[in-house]
Amino acid sequence: MAVDILIGLQWGDEGKGKIVDVLAPTYDIVARFQGGPNAGHTLEFEGTKHVLHQIPSGIFHPHIKNIIGNGVVLDPIVFRTEMQKLTDRGVDAAKNLFISKKASLILPSHRILDRVSEEALGSGKIGSTLKGIGPTYQDKIGRVGLRVGDILADDFQERYNKLVERHRKTVEFYGQQLELGEQEQAFFDAVNYLKSLNLVDSEYMINEALKNGKRILAEGAQGSLLDIDFGTYPFVTSSTTLVAGACTGLGVAPRHIGEVYGIFKAYCTRVGSGPFPTELLDEVGEEIRQAGREFGSTTGRPRRCGWVDLPSLKYSIMLNGVTQLNMMKADVLTEFDTIHICTHYKLPSGEITDKVPHSLEEGSVKPIYTELPGWKVDLNQIDSVEELPEAFKNYLVFVEEHLQVPITIVSVGPDRKSTLKRDAMNVA
Ligand code: GDP
Ligand code: IMO
Ligand code: MG
């Protein structure tokens, strides 16, 4: 058996939570491999909306084991609140949740470091979610971080104090004081709660499951264009958001990777700072934002909106080895007479390319668009791909032919049920 992986191909918020939940019934295990509470994955079913931050999106299916892998940075306080919400909704999450002892711990001081670092960057700020992600990964790579397994050690408090002292000095370097207040007590309470859960060597759990023929789905967080190496650096997150991250973030050998689902919106969004070639700063962008309810699931910030960008999708497909595409939120574009699709970039030299250059800095590439007629039909009311309007099918096939990967899922609404499966493979 292999591990299938679902990856966002844009700047996050493509609808990963929804599709993991849709695909989950055919899997035995769903595992998160990177990121942390910066993620906000939304699932909607039976009239209720759920937003998950650190807990994998298979949690609503009682037969599925959900793993928080070693590559994740876990905030115990946020985690405890998430678990409480699930309990309030009648979900017994503790039974089906397994947390890697090697996952990194986000301390309250990491969140403060995130804030002071952003303040110091001023207008060059990353637009971080301020959840402490960057500082926690810095400590991991700097080999001074704390991990979930450490909470079981007798000297955990001492190790915690030592790390907080480092953080205190850094905060002072920025000319501020580290004031933890009630957060410290909340952290230790949450750590105690964490001790009552299944803390495991998840690399063994996953590899044994693979050996026993179990089906595993790895759930990406963020998106490929936020990847630490290949994203729009420095306006990225601090983890490997690509398929490669699933190998290191779960302990799965590359030869065990199976299907790679690449998920993208029929348009494009981004939260936080950084380049966005197809961004629409006009009323069209605002219309997409309103129609798509494009406000952050984690921070509530308005998402920047623009047309779909095929060069960046090709880039993400290449980096991830995508085998199937999922097109999300086409229903949002219903009102438009014309749909724009960016097929190429024009570089400052005048060269036309479909490759993503080293830097996408604001204004360095100009998108070149093809325009196709809109469909003007509410896709949310449609139950099968056959019933899709011709104009939409033309759009779908145009995108598919450019990307050379079959689009096997078309999502036409936030609900679990608004999902059309598609066998047709128009790709040569
Ligand atoms: P994720 O971070 O990739 O899981 O995505 P988010 O949950 O942050 O953002 C996706 C948003 O779009 C959520 O509010 C979903 O409920 C919603 N959504 C997902 N698929 C569709 C769709 O096909 N149509 C519409 N209109 N909304 C969708
Ligand atoms: P999901 O999993 C969209 C963005 C932030 C910021 C940058 C760095 O829901 O798709 P960080 O807090 O990671 O240091 O922020 O990355 N970002 C996301 N944008 N969706 C996400 O997750 C994101 N996680 C981080 O807005 O620009
Ligand atoms: Mg999200």
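Each residue, glycine too, has its Cβ placed from N, Cα and C.
What TrEMBL says about this protein:
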BINDING   12-18, 40-42, ARG303, 329-331, 411-413  GTP binding site
BINDING   ASP13, GLU14, GLY15, LYS16, ASN38, ALA39, GLY40, HIS41, THR129, ARG143, GLN222, THR237, ARG301  IMP binding site
BINDING   ASP13, GLY40  Mg(2+) binding site
ACT_SITE  ASP13  active site, proton acceptor
ACT_SITE  HIS41  active site, proton donor
ACT_SITE  LYS140  active site
BINDING   SER297, THR298, THR299, GLY300, ARG301, PRO302, ARG303  substrate binding site
Candidates near ligand 2 among the binding-site residues GLY12, ASN38, ARG303, judged by a Cβ under 6 angstroms: GLY12, ASN38
In sequence order, those binding-site residues of ASP13, ASN38, GLY40, THR42, SER297, THR299 whose CB lies under 6 Å from ligand 3: ASP13, GLY40, SER297
Among GLY12, GLY15, PRO302, the one of these binding-site residues whose Cβ has the fewest neighbouring Cβ atoms within 10 Å: PRO302
Least buried by Cβ count (within 10 Å) of the binding-site residues GLY40, GLY300: GLY300
10 Å Cα neighbourhood of LYS18 (GTP binding site): matching recorded positions from HIS41, THR299, ARG301: HIS41
Listed recorded positions adjacent to ligand 1, that is, members of ASP13, GLY15, LYS18, HIS41, THR42, GLN222 whose C-beta is under 6 A away: ASP13, GLY15, LYS18, HIS41, THR42
DSSP state at LYS140 (active site), helix/strand/coil: helix
Pairwise CA distance, SER297 (substrate binding site) versus ALA330 (GTP binding site), rounded so that it is a whole Å: 19
Pairwise CA distance, GLY15 (GTP binding site) versus the residue listed as 'active site, proton donor', rounded so that it is a whole Å: 7
Minimum Cα separation from GLY300 (substrate binding site), reported as the residue among binding-site residues GLN222, ALA330, VAL412 that achieves it: GLN222
Protein Cβ atoms within 10 Å of VAL412 (GTP binding site), excluding its own: 25
Where HIS41 (active site, proton donor) falls in three-state DSSP terms: strand
Integer Cα-Cα distance in angstrom, GLY40 (IMP binding site) to PRO302 (substrate binding site): 14
Extra residues within 8 Å (Cβ to Cβ centroid of SER297, THR298, THR299, GLY300, ARG301, PRO302, ARG303), substrate: GLY40, VAL271, PHE295, GLY296
Rounded to the nearest Å - Cα separation of ASP13 (IMP binding site) and PRO302 (substrate binding site): 12
